[in-house]
Structure formats: C-alpha cells, structure tokens
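Novice: Before we start, here is the structure in question, set down as structure tokens.
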C-alpha cells in the first residue's frame with residue numbers, strides 16, 4: 001500500500017537497450033510495451049489510482065518516419081491486444097496529447113477504448129502520446145481565449161488541460177539514466193518528487209518500482225512550506 005495518488009513514468013532507454021542486445025529499435029520499443037503489460041498488475045496491487053506513461057512525445061515526431069510509423073503502429077497493436085484484459089481488470093483508459101495528428105482510424109480506436117472503459121474504477125491508465133506539456137498548456141490557453149475569458153486563473157488552466165481530472169503528480173520516475181523531464185507534465189508535476197534510474201525501461205521490474213516508492217516514502221514533501 002502506498003500514499004501515492006499519481007505515478008508518472010518516462011519510459012526511457014528502449015532504443016539503447018536494443019543496441020546493447022544487438023536488436024533493432026523496433027524490437028526495443030516492443031520490449032518496452034511488453035514491460036507495461038508485465039508491470040501493470042503490480043501498479044494495481046499497489047493501489048495507485050492514477051498512472052501516466054510517457055509513450056510518445058510531441059518532439060518524437062522529428063524522428064525517422066520508420067520509427068514514428070512503428071511507434072504509432074505499436075499503440076494500435078497494444079490497444080487491440082490488451083483492451084479486453086485492461087477492461088476486465090477494471091482499468092480506465094485515458095489518452096492525452098495532440099491526437100488530431102494521428103490517422104483517423106487510430107483516433108477512432110482510442111475513442112473506443114476510452115468509451116469502453118469509462119466506468120472502470122480500479123486504476124486510471126493515462127497514455128501520453130503525441131504529447132508535450134508546453135503544447136498542452138498552449139492548447140489550454142487557446143481554449144480559454146476561445147471562450148472569451150479576460151482574466152485567467154490557475155483553475156481555468158487546470159480545467160482546460162487534456163485531462164482536467166488528472167491529480168498532481170506525486171512521484172515521477174524516469175528510467176534510462178537521463179536526468180531531465182523532457183516536456184512531460186510540467187503543470188501537473190510542479191511539486192512532484194523525481195526519481196531517476198540507470199536501468200533501461202525494458203530491464204525495469206517490480207523491485208525497481210518498489211525501490212522508487214520506498215525512496216519516495218522517505219522524503220518530506222513541504223510544497224514550499226516549512
């Protein structure tokens with residue numbers, strides 16, 4: 001049992017893991033997707049109500065067309081293969097990002113997954129895809145302006161984000177030995193505790209999750225207070 005309400009993960013290191021094992025980048029990304037399937041039951045057991053996974057950043061559109069195409073295909077395959085199991089296990093699916101950049105068939109698949117699982121309440125799995133936090137904040141402000149607001153509050157921005165119900169991030173984990181948050185949940189992670197692991201994402205296991213949570217439990221969160 002943990003007090004964490006929102007765990008966010010930057011699943012980094014798939015391509016470098018593949019290089020280390022003389023595999024293709026595509027095989028590395030597939031191993032990363034398989035790791036989500038492996039760890040999700042542990043997230044449920046830990047009773048963490050909200051999980052956000054950074055799967056494809058807005059900046060990732062700048063990668064080679066072959067890698068981008070594979071990552072988009074991988075999301076489609078994941079939803080196709082895992083949706084029934086996720087639904088049966090009470091997982092509520094949310095996908096955030098500039099989804100209008102995706103082909104219409106994938107947008108429909110995403111919407112179907114969201115609709116099917118909308119009443120589930122065991123855990124909320126948020127997939128950040130074609131996502132950038134700066135872009136999210138710009139989109140939120142654009143929405144607010146379109147509604148004719150003259151003055152803008154934090155409340156207005158919060159309720160114009162991709163998922164207004166998303167709680168603030170308690171713990172943000174990044175695998176892969178990189179020490180930055182890469183335009184991920186900048187608004188929601190304002191007071192998040194950060195945990196960086198040297199392990200590549202495909203090598204991550206439930207012991208690593210427990211280690212991160214144990215480290216988090218030892219920290220004193222002051223939120224700017226004393």
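Just so it is clear, glycine is given a Cβ too, placed from its N, Cα and C backbone atoms.
Small disclaimer: the values here were computed from a predicted structure and weren't measured.
Quick paste from Swiss-Prot:
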ACT_SITE  12  active site
BINDING   12, 193  Mg(2+) binding site
BINDING   13-17, 25, 29, 57-59, 61, 63, 174, 180-182  substrate binding site
ACT_SITE  60  active site, proton acceptor
Novice: Neighbour count first, Cβ atoms within 10 Å, every protein chain included; then name which of 12, 193 tops the list of recorded positions.
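Specialist: Of 12, 193, the one with the most crowded Cβ is 12.
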Novice: Among the binding-site residues 17, 58, 61, whose Cβ has the fewest other Cβ atoms within 10 Å?
Specialist: 61
Novice: Residue 181 (substrate binding site) has how many other Cβ neighbours within 10 Å of its own Cβ?
Specialist: 19
Novice: C-alpha of residue 60 (active site, proton acceptor) to C-alpha of residue 174 (substrate binding site): distance in Å?
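Specialist: Per the Cα atoms, residue 60 (active site, proton acceptor) and residue 174 (substrate binding site) stand 17 Å apart.
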Novice: Tally every other Cβ atom lying within 10 Å of the Cβ atom of residue 15 (substrate binding site).
Specialist: 20
Novice: Near residue 13 (substrate binding site), how many other Cβ atoms are within 10 Å of its Cβ?
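Specialist: I get 24 for this one.
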Novice: If you draw a 10 Å sphere on the Cβ of residue 29 (substrate binding site), how many other Cβ atoms land inside?
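Specialist: Around residue 29 (substrate binding site), other Cβ atoms within 10 Å: 24.
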Novice: By the DSSP assignment reduced to helix, strand and coil, which category contains residue 12 (active site)?
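Specialist: For residue 12 (active site) - judged by DSSP and reduced to three states - the answer is coil.
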Novice: Does DSSP put residue 181 (substrate binding site) in a helix, in a strand, or in coil?
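Specialist: DSSP call for residue 181 (substrate binding site): coil, neither helix nor strand.
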Novice: Given the binding-site residues 58, 61, 174, 193, which lie close to residue 12 (active site), meaning Cα to Cα within 10 A?
Specialist: 174
Novice: Counting every protein chain present, what is the number of Cβ atoms, excluding its own, within 10 Å of the Cβ of the residue listed as 'active site, proton acceptor'?
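Specialist: Other Cβ atoms found within 10 Å: 16.
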